[in-house]
Structures are given as C-alpha cells and as structure tokens.
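Features of the protein shown, as given by TrEMBL:
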TRANSMEM  12-33  transmembrane segment
TRANSMEM  53-73  transmembrane segment
TRANSMEM  85-107  transmembrane segment
TRANSMEM  128-153  transmembrane segment
TRANSMEM  159-178  transmembrane segment
TRANSMEM  185-207  transmembrane segment
TRANSMEM  239-258  transmembrane segment
TRANSMEM  279-303  transmembrane segment
TRANSMEM  323-343  transmembrane segment
TRANSMEM  364-385  transmembrane segment
TRANSMEM  397-418  transmembrane segment
TRANSMEM  490-511  transmembrane segment
REGION    556-593  region 'Disordered'
COMPBIAS  583-593  compositional bias 'Basic and acidic residues'
Amino acid sequence: MDPSDQKHFAVVDYVVFAVLLAASMGIGLYYALSGGRQRTTQEFLMADRNMRCLPVSLSLIASFQSAVAIIGVPAEIYAHGTQYWFIGCAYLLGLFIPAHVFIPVFYRLRVTSAYQYLELRFSRAVRICGTLTFICQMVIYMGICVYTPAFALNAVTGFELWVSVLATGLVCTLYTTIGGLKAVIWTDVFQTVVMFAGQLVVIVVGVQKTGGVSEVWRKVWEGNRISGLDLNPDPTERHTFWTLGVGGVFLMLSLYGVNQTQVQRYLSARTEKEAVRSCYMAFPSLQLALALSCVMGLVMFSLINMPTEYENIFVGLPGLPGLFVACLFSAALSTISSAFNSLATVTMEDLIKPHFPAMTEARAILLSKALAMSYGLLCVAMAYFTHLMGDSVLQMALKIFGMIGGPILGLFSLGMFFPWANSTGAVAGLGAGLSVSFWVSIGTILNRSSGSSSLPPDCRVNTTTALQTALSNVTLSRPSGLKRFYSLSYMWYSAFNCFTVILIGLIVSFLTGPMKEEDVTPGTVYPLLGKLLCFLPERLKKKLCCVTPLGQPPQCKEINGSSHRQEDRPPPEESESFLPDAHTPHVEHETAV
C-alpha cells in the first residue's frame, strides 16, 4: 500500500508526538544538569543506588514492554486467538523467584554488573563469556525494538522508514547519554503512563466504533478467537497452557532474574527491601499491560482487516493518531534506553575496568557516555536486518530471549544452585547451550519450508475434554526424528537451553574435579539443594556440598577496580538471611578446577 494513502496525522497529532519526544529529552537534560550532574560512574550507571520502589517497578515494566509487545501481542491475538493470554500464569513464579533468590544474592554482593557475580563464583573467563553473550543478545533485540515503532510511524505519516529509524535511535541515544540511569528510569515512568493511555484510547475508540462491548464479543466469538484451556502436553504445539505457563516461567526468569537491564534496576534501589518490593509491584502492572494488549487484539479483530492498521480507527479523530504513535514510541524508547545503559554498564565494568583499574573517574564517566552513544548507533544499524526476518515481531523477540537468554539463565543457575560446579564446567555448559540453541534455530528455519502450520478451525477448547483431545492428537500424523525436534515450540527454548547448560556444566565439573565447599566464594550460592534435601542428615548434606559457605562476601573492589568502602554499605535487611554475616572476615579463595 502506498504510504501516501495512509497519512492520518494532522497538526495536533504532530504536536502530541513532539511533546512526547520533548518531555523525554527534558527529563534527560534535567538529570544531566541536576544533582551530581552525572560526574561519577555510580550516578550515571547506578543512579547512586538511591531509587524508590515505585519508579523502579514501573521501569521494570517499561524495560521489556516495548513496541514489540504493543504491536506483537495484539497481532498474535488477532491471528491465533487468546491462547497467548495464559502466559500471565508464568508471571507469578517469574517474579517471585527473582524477588527471593536472585535479588538477595546480587544486592548483598553489591555488584554493579550481574556478570561480576560470575567472576566471584567461577573465574574472569566465565565473566567475559557471559558479558559477550548478553551484549550479542541485546544488540540483536534492540534492532527489532528500533524498527517496530519506526515502521508504524512510516505507516501513519508517510515518513521514510529509515528516517523514522534514525529519529527513534538518535533521540533515545541522546537522553540516555546525557542523563544516565536516573533519566532512563524516570523517563520510563513517564513513558509507561503514555503507553497505558495510548492502549486505553485504542480500546475505547475501537469498541465505540464496533458498536459496543457486546458486538465486539459477538464478532470475536463467531471468529473463533476466544481460546479455552489447552492441556495438550505435546512440546511441539506452538501455544498451550504448558508451553506458556511453564515454559514462560523460564522466559521470565531469563528476563527478570539475570538480565543486566533488570538487575541494574534492582541494584539502583535504596535498600534490598525496596528492590524486592519493586519486583512485587511489577506483577499487577505486567498483568494489566498483558490484558490491555490482548483486548486490543480482540478489538482489532472485530473492527479491521489487518492487526497493524491501527491508524484506521482514528480517521476523523485529530490528536488520537499522534497519541497512539506516542504510545508506541514510549514503549520503544523505554526499552531501548534501558538496553543502551545496561550495555554501557557491562562493557565498562566487565571488559574495560578490569584492564584499567587506575582509570580516573572523569575518564570513566566520559567513556561510559561514549559507550552508550556507540551502542545506540549500532542498534540503529541492526534495525536494518529486522525486516529481513520472516517471523512476527513478537515471536522474533521471544526467540532471541530463548536462544541466548536461556543459556545465560542456565549459567547463573549453575553457579547459584550447584556449589560443586567449577569454571571449566561453566564455560563448557554455556558453549554447549549456545551451540544447541543455534542448531535448533537453524534447523527450525530449514524445516519451515517442508511444512506449514495453519490456524485450527476453532480456537475454543472445551476444558472438560481437553485431556482426551490431547491424547487423541498423539495418534495424528506429525514430524518424526530431527524434524520433530526442530518443531519444538519457541516458548520452550529458554527452559531447554537452560537445562542443557546445567547438565553439561555438572558433567564437566565432575569430570574435571568438583569445587569444594571451602573454595566457593561466600555469598555466591543460594542453598536451594540444602532446603530441598532438608530431610537428610547434616553430615550427608555437607558431603553433597549443600551447606551454604559462611564468611563475608568480597567487595566489588576486588573484581572491578572500583572503590566501595564497607562503611558505605546500607545496613543489612531484617529478612531471612542465607548469605554471610557482615562481620565475619573474608577468607581469600582459589577456584579449584
């Protein structure tokens, strides 16, 4: 379709859109010129570790509630029905586990980068491998996030697509570079409000134009877009309760448990309790965001022919097209700015500072800003390759987190839950996880041409006969051998790759000599096995290395060259503590491989 036929922007729309960009820039300028004026890496990268739980929780939502979700989830509901909505079941464990496992470990170790943990637990080599894997993941994902809203802006204004891509990337790069993490978090808060407002406007106007809620329901019911509980256990089924509710937990853990973008927000909180509280506060907001996106998809189905034709809803309603495009850009800018800041953090803390420990603070902050700007330009370039991919933007994004985020989750899980795992096993496990991940992904692409999946005639599943239907489906013709393996639902990628890393890591660790309890850095192991095997005698649990090592966790000074004095740390939280006593002297260790 000729973009000139789709120009629905009036003057007021341009004003609304310009206000969004100006407000985002204004927040960046405010934090660039106030407070410490971003003169230290602690302020620029960690917001001085002084953030309250409310802005942190809203930033947690905005960081991955990108334009991919605003467009991708409604398109998924439009095309395949409401089965995807069951991923909300995964949000509970996906946030509860980070709140009570990952946050306490990271926060009490006082790290700046999540990958500093890997050096404390294993070795510097493991830390570098983890950092490079994360950088690869986020750069690819940012290409999708930059491209998606630019495509929408092109559709409603007729702007050249790559002009829109450059505008998205450059505005975001500028306020991230000058304002640091505080600007990113507070801009996320503003953009989250705009995002929710835009979604509500689409729903309200769409329902009104359709003829009311009852008419929307009639059309989506007759169009077979209301899905029931699908209990089919087949892992090759694209979306079932198990792929979404169970596989989705591992996807959430890779995002909200060990991803530097989210960990950095937890660590910017004033106290550990504030960090945990922000994780809990994100749960209802994420459910709201998911519900709004799914309802948008249903409204789109009842009103228009294509799920991306949002602008047709607003014909004759000046200002609303501008608000919706502002909604898309709010979601995109919040995600992109979060990624730029986290990429700059891990590059600075994990790849540069260890080699230049005597770097001055002035030079470090200048280099951090240069890194944020460089990653911004790189992600704009990556957007070019997004339009070459054949999947929906939602599926592309979740595949990336499964393919690369899954092995990273496995690496952290190997270190936190299995005290006998050593650095050799960690590197081998991560390598195996990434290799298997890309093998399955390439096999899926090559296998796609040999068969196609079609939408079932009826998305509604009778919950009383779901199990019988699932069992009967087993007898139907389906791919066999490697083709069946390549047909694995993308929602299982995170879990499959995570367990691959853990399994290979443990095998190699035992073959090369498991790490002894006294050699494990205090504070880096969560006593999961000790709690699960609480019925065993203490002597046997100690033999299995299930007892948490005691001692003071090492200061960040030992691993990144920065100086964080013990007296500067906030008092320990009055919560159940499995980590070292703050007054027990630290005993130096050597990693046994």
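Cβ atoms here come from the backbone N, Cα and C positions, even for glycine.
The shown structure was predicted, so the numbers you read here are calculated from the model rather than taken from an experiment.
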## Note on the structure
One stretch in 12-33, 128-153, 239-258 has more Cβ pairs under 8 Å to the transmembrane segment (364-385) than the rest, namely 128-153
#### Entry: Maximum Cβ pairs under 8 Å to the transmembrane segment (53-73) - stretch from the list 159-178, 185-207, 239-258, 397-418
185-207
#### Entry: Annotated stretches the transmembrane segment (239-258) and the transmembrane segment (397-418) touching (3 or more Cβ pairs under 8 Å)
yes
### Message
How about long-range neighbours of the transmembrane segment (12-33): same chain, 6 or more residues beyond its ends, C-beta under 8 Å?
### Response
171-172, 174-176, 178-180, 182-183, 186-187, 190-191, 194, 318-323, 325-326, 329-330, 333
### Query
Can at least 3 Cβ pairs under 8 A be found between the transmembrane segment (323-343) and the transmembrane segment (128-153), with each pair 6 or more apart in sequence?
yes
### Query
Can at least 3 Cβ pairs under 8 A be found between the transmembrane segment (279-303) and the transmembrane segment (185-207), with each pair 6 or more apart in sequence?
yes
